[in-house]
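Straight from TrEMBL, the features:
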- His37: active site, proton donor (ACT_SITE)
- 30-37, 149-152, 186-189: ATP binding site (BINDING)
- Gln61, Gln155: (R)-pantoate binding site (BINDING)
- Gln61: beta-alanine binding site (BINDING)
Amino acid sequence: MNIIKTKTEIAKYVSEKKEQNSSVGFVPTMGALHQGHASLISFGLERHHYIVVSIFVNPTQFNNATDLEKYPRTLSQDVSFLSTYKNKVVIYAPTPQEVYGDQVVSKQYNFKGIETVMEGTHRPGHFDGVGTVLNHLFRQVTPDEAFFGEKDYQQLLIVKKLVEIEKLPLKITGCPIHRQENGLAMSSRNARLTTQQLEEATFIYKILRQVKKDFDTKSARALRAWVSRQFENNPHLRLEYFEISNSKNLRPLSRKRTHQKYRAFIAAFAGEIRLIDNMALN
Ligand code: PAF
């Protein structure tokens, strides 16, 4: 399997493919690959001849040193996971210096308010880190299109804004959340859950499903109160936030408006592992 480690080599690989009139998609990841990533790659391969998968645990997007240290790093497993795609998929696994140069620091962005709610409130600096690394990676890889999972829905909106701000010539496409049979959203962090926690974490999905069912008949306020109570009565999961927001600008819902789309968002801890999930409500 072709593993590229430098920006010069990845630029050469992509420009050679483009010279041959092939198009190149991009799936940026932090590794610990799972079926959710596989579904992004399949989406990409339906539209492009080749897919670059970057594997890079980005230090600037972690606001918690323990979280960064404990983030799963499984490069050799990731390589064998991707080997089934043969030469259709190439791995870009750079060092921090290769991505950032000498200063591994974030640029400060103004994402027009999308960065100030939910993940932005609870993980200060996170979206500056995400924006900075993707700005570097997009410029190094120069793909035609990049694919992101809707599990990180707020991140998806941030990336769309980033491309506008940095005037980058690529398309950003969101792909549906990939779930286990029991509803748990696929995430690299699931690798850190015990078998029991994996089962208990399906509670998050069950809550989102119920909120969706009740969305037409109950107010946002009543739903927020109901969700808080459910988590208070659950000894296994600690709720960090629950929000119902406008799908376009992530403003918290106060009064439902016709023709507007809304989504429910949850962040919760199973032990020390932080999980997020969301669901379209209408
Ligand atoms: O979603 C992720 O895995 C990361 O935030 C990303 C997009 C690869 C940037 O480091």
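The backbone N, Cα and C atoms fix where each Cβ goes, and this holds for glycine too.
TrEMBL feature annotations superimposed on the structure.
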residue: Met30; record: ATP binding site; Cβ neighbours (10 Å): 17
residue: Ala32; record: ATP binding site; Cβ neighbours (10 Å): 22
residue: His34; record: ATP binding site; Cβ neighbours (10 Å): 17
residue: Gly36; record: ATP binding site; Cβ neighbours (10 Å): 21
residue: Gln61; record: (R)-pantoate binding site; Cβ neighbours (10 Å): 22
residue: Gly149; record: ATP binding site; Cβ neighbours (10 Å): 23
residue: Lys151; record: ATP binding site; Cβ neighbours (10 Å): 20
residue: Gln155; record: (R)-pantoate binding site; Cβ neighbours (10 Å): 23
residue: Met186; record: ATP binding site; Cβ neighbours (10 Å): 18
residue: Ser188; record: ATP binding site; Cβ neighbours (10 Å): 19
Self-check item: Among Ala32, Gly36, His37, Ser188, the recorded positions whose C-beta sits under 6 Å from ligand 1
Solution: none
Practice problem: Sorry to bug you, but what's the C-alpha spacing from Gln155 ((R)-pantoate binding site) to Gly36 (ATP binding site), rounded to the closest Å? | Solution: 16
Quiz item: What recorded positions in the list His37, Gln61, Gln155 lie within 10 angstroms of Gly149 (ATP binding site), counting C-alpha atoms?
Solution: His37, Gln155
Exercise. Report, in whole Å, the straight Cα-to-Cα distance of Ser188 (ATP binding site) from His37 (active site, proton donor).
Key: 9
Self-check item: Number of Cβ atoms other than its own within 10 Å, given for His37 (active site, proton donor)
Solution: 23
Practice problem: Out of Ala32, His34, Ser188, point to the one nearest Gln155 ((R)-pantoate binding site) in space (Cα versus Cα); all of them are binding-site residues in the record. | Solution: Ser188
